[in-house]
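Undergrad: Annotations per TrEMBL:
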type: COMPBIAS; residues: 1-10; note: compositional bias 'Basic residues'
type: REGION; residues: 1-30; note: region 'Disordered'
type: TRANSMEM; residues: 47-69; note: transmembrane segment
type: TRANSMEM; residues: 181-200; note: transmembrane segment
type: TRANSMEM; residues: 248-276; note: transmembrane segment
type: TRANSMEM; residues: 304-328; note: transmembrane segment
type: TRANSMEM; residues: 340-364; note: transmembrane segment
type: TRANSMEM; residues: 421-444; note: transmembrane segment
type: TRANSMEM; residues: 489-511; note: transmembrane segment
type: TRANSMEM; residues: 523-542; note: transmembrane segment
């Protein structure tokens, strides 16, 4: 929607801890760590070093926040452009979400604003929907209420309050990764390394500077905090009070994560699979497993209540899986009894029962509640891993986008350039091998084994490290299969790689292999290696960052500005607009007009309507298109040349091609077509209407056009008055 123009005259962006063979003396890399404080170490040395570590974490978080805020300002010259241009810069669904923040601020009162959201008839024409139930927009509601109550209106514009809040969450994200690395390795230098890597790999760790309102930018910081609290909860030797505090923190972070992103159920499903796996190999106690499951269920059900009993949450796979896992675990009491082969066969049977029960519960729940909101996601997954192409419009819409394709190899090249990939891979291999050995020992430990055997099996691998290892492995697989999901993986990847560089266990293993293991050398290596890496990264990337921050550009999209200005001044306030999802989100934000469809795709009826509205880019007769638009309640339709004459995607992935395939028509241009496709009887509507043919002018009148957009008003059909039988016929 927007382009960037170079600014003129600008130059110049439960198990016990694995015992270390060598006792460690107090230093910044070992003794003085959060674990010491959690275990009651309140010596002056521990307090000082912990304070230093926490101060560094806050400093890195603020640095990241300022960095992305500066990039956003420099890319758009945000402080200098008009309010309309600022709103246009919220692209696609970002504009839709931000419009509700704006709507709440413009409401006469907080109560009236909430009622407007609960009974909304502007987002979808001819429908009244509960936006708080349908969408995850509580963050916009919370910020608007906060802005109304705080005495900051004189000093801070609403848009800055919004974007600064989102940028501040990046600071929270960095601090959470910092704490995770610190807890895993016992050294706050690992946290420093994780924070530096996150900032330097900004292209692959976040896209917040140009997609501010995306739900993931709100939710991923809370996910990182949740992982940090789980890591702390799984550490050994916590007191009962500390465990209760961690459980509550896990619940709060899980709740915030679920509340801010509609795809929370899929992320939590992977977490539940991690917990299930660790339970099967005896790396978690029964209490820990049950607690972690119940935290997830509590978070989801709390959001379910806040979202007015959103059926999509009850129909989620993760809830069905947790219920099935707990039920089968309760029934199969002898799961952890027997030798290796017996245990493996029991785990296999246990898993089959759990997954069968999961799909049964999920199927019955969706049938009973008639949940169809997320079926497009499962269509996408099914089509992505199918061996033949699909003609399903919704699935193809995702499959044809680069963001939903495989992770490109240049991502790994960038990660290697910052030295992140090099320690990450060996750390992953070493930890995976150690985990496999620990799992083998645990499964081989029969019920009648000695106490020493059981203790040795329990100490084979730390639970917190095991959780983070499986976390990065599974989310890494998801990232490789779908590029857009890499932002969940790459941030945690920084913490795991940093742990590998500062872990006493891994360095002890390596030094033993080299036969030079000593207490002094271990301490030196754990401090020197991260410091050397940070120093190298500083000298290599600091000039590049300064050069990036010196690049000044400005927002430039005159065609969209002209369109929004015309709509605001020349059309009725209750006028209904049809068009592409992305453009309509901007129209909702900039003009407040009613929409026929929008980018929040988690509704079956909306998906069907969107597919119908998009027939303006298909080969359909003017009468058919007119009927479709009238059925949706449209008064105006906006056609975009960038879609009608699209060249960005390859043949078969252009929007007009997807529509042709769904309609059974042959696609444009040279290339093969399936034998069952037939030529269309009508020309492409978006092209033919511009010829002003009689069939088109009888139903549509052009009211606005520029180089990018064409707006047509739907004419009202005249009703023919039936002639009375007694009335004589007209004389020729």
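Placement of Cβ uses the backbone N, Cα and C atoms for every residue, glycine included.
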Undergrad: Would you kindly check 248-276, 421-444, 489-511, 523-542 and say which stretch has the most C-beta pairs under 8 angstroms to the transmembrane segment (181-200)?
TA: 489-511
Undergrad: Give the one range among 47-69, 421-444, 489-511 whose Cβ atoms make the most pairs under 8 Å with those of the transmembrane segment (340-364).
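TA: Of the candidates 47-69, 421-444, 489-511, 421-444 scores highest.
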Undergrad: Taking the transmembrane segment (248-276) as the reference, which of 47-69, 304-328, 421-444 gives the largest number of Cβ pairs under 8 angstroms?
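TA: Going through each listed stretch, the top one turns out to be 304-328.
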Undergrad: Please report, as numbers and ranges, the same-chain residues at least 6 past the borders of the transmembrane segment (489-511) whose CB is under 8 Å from any CB of it.
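TA: Tertiary neighbours of the transmembrane segment (489-511) are 18, 20-22, 24, 29-30, 173, 177-178, 180-181, 184-187, 189-195, 197-198, 201, 204-206, 220, 224, 227, 415, 420-421, 423-424, 426-428, 430-431, 465, 468-469, 471-472, 475-476, 478-479, 517-518, 521-522, 525-526, 529-530, 533.
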